[in-house]
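What Swiss-Prot records for this protein:
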type	residues	note
ACT_SITE	Glu93	active site, proton acceptor
DOMAIN	100-323	domain 'Radical SAM core'
DISULFID	Cys107-Cys334	disulfide bond
BINDING	Cys114, Cys118, Cys121	[4Fe-4S] cluster binding site
BINDING	Gly160, Glu161, Ser192, Ser215, Leu216, Thr217, Asn291	S-adenosyl-L-methionine binding site
ACT_SITE	Cys334	active site, S-methylcysteine intermediate
Amino acid sequence: MTIKKYKTALSGMFPEEIQSFCGLKEKFRAQQIFHWIASGVNSFDEMTNLSFDMRSKLKNDFSLFSTKIKEALKDKDGTIKLAVELYDGSVIETVLLTDKAKRKTACVSCQAGCPMKCAFCKTGQIGFLRNLSASEIVEQFLHLEREAGSLDNIVFMGMGEPMLNLPEIDKAINILAHPKGRNLSKRRITISTSGLCKGIYEMADKGPEVRLAVSLTTADETLRSELMPITKTNSLDELKQAIKYFNSKSNKRVTLELALMKGLNTDKKAAQEVIEFAKGLECFINLIPWNPVEGLNFKTPSETEVRTFETYLKKAGLNISTRQKRGQSIGGACGQLGSTAARSNRF
C-alpha cells in the first residue's frame, strides 16, 4: 500500500484537488486516479490506464493513503474489527457489521479517542487526541471493503463525537458519494451524536440527505447528566427541540438509541420518560443492551428485562427494534471500541 509518513493523502481529495495537488495538466487524469482510489487499489502501480512514467512519478512524489491496518480481528458472527494506524502513529478502530439479511455496514470513527466521557462507553474512558481528517475517515471504509467486499451502509458510530468534526465528515461523505468515485448513496449514511444540539442544527440547515441518530439512553435528566456529561450543557428540552428542527428541515425521522443497563434505565418509569420525550417527534427507537467493558460496573440486562421494556414502548405506539449482539468477543460491539487504541496511544 502506498503510504508515506505525512498526513496529506490523495484519498481525502476530490478530483479537482488531486489535479491541483499533483500538478496534472489533464482533468481526466485526476478523475482516473480518484476512481482508482474508490475502487480499492493499494498502489499507483495498479492504475493501469496511467503511463508507466506517470505512475512512477506519482509513486515517488505523493501518497495514496495515510493509514495502514495494525490489527484485524474477526468474530465468529462475522463481525470484523480493524485497528488502523494513522500517519502520526495514533490508532483508531473501525468495524464491519453484517446483519441477518447479509447487508454490510461500516461503523467508522471520526476522532482518535473521544472527549464526551460517557460513563458506559469504553472510548469515553480512554481520553481524546484529535479529530480525524477526511482521508482518515475515507480510508476506514476502503480498508473494510478490501476485507469484506462491497459495503452497503456507513454509520458514524465508532470512536468520537461526529458533531465536533462535521467539516471533515462532510468532506469524507461527499468523496464516498461522488458519482465518479464510490458513488455511495447518502441515504445509506447515518451520523450518530451524543446530543450536541449545535451540530444537529448545523446538519439540519444543510438540508441533509444523510440520516441522524441520537444516543438518548435515558430521558431522566439527572441520570443522563451522570451517564452523559453533555446533558449538563445540552439539556433534554434543548435536545428535543433540536430533533424537532431536524425533523422539519429534513423530512426524515431520527433514530433514538438507548443503551440499556440492568436495573438502571429499564423499568416502567424509565420507559414512560422515553415515551414522553418521544411525543411530537418523528422517531424510531433502537434498544441496545449494554455490551460489557472491562473496568466498568454496569451490567447487561436480561432478555426478559429487555423484552418487558420493549413492551412498554410498543404499547405506547412507538416503532422500535433491539440491536443484536455482534462483535462482543473482539471488543467490536457498541460501546466497546478503544482496547487497541488504549494500548497504542498516549492520551
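Backbone N, Cα and C define each Cβ position, glycine as well.
The distance from the Cα of Cys114 ([4Fe-4S] cluster binding site) to the Cα of Ser192 (S-adenosyl-L-methionine binding site) comes to 13 Å. Of all the recorded positions listed here (Glu93, Cys107, Cys118, Cys121, Cys334), Cys118 has the Cα closest to the Cα of Leu216 (S-adenosyl-L-methionine binding site). Calculated from their C-alpha atoms, the gap between Ser215 (S-adenosyl-L-methionine binding site) and Cys334 (disulfide bond) amounts to 11 Å.
Highlighted in sequence order, Met116, Lys117, Phe120, Lys122, Thr123, Gly124, Gln125, Ser194, Gly335 have their Cβ within 8 Å of the centre of the Cβ atoms of Cys114, Cys118, Cys121, the residues recorded for [4Fe-4S] cluster, and are not part of that set.
Checking the recorded positions (Cys107, Cys121, Ser192, Thr217, Asn291) against Glu93 (active site, proton acceptor) with a 10 Å Cα-Cα cut-off leaves Cys107. Annotation: Thr217 carries the greatest number of neighbouring Cβ atoms among the binding-site residues Thr217, Asn291 [cut-off 10 Å, Cβ to Cβ]. The Cβ of Glu161 (S-adenosyl-L-methionine binding site) has 25 neighbouring Cβ atoms from other residues within 10 Å, across all protein chains displayed.
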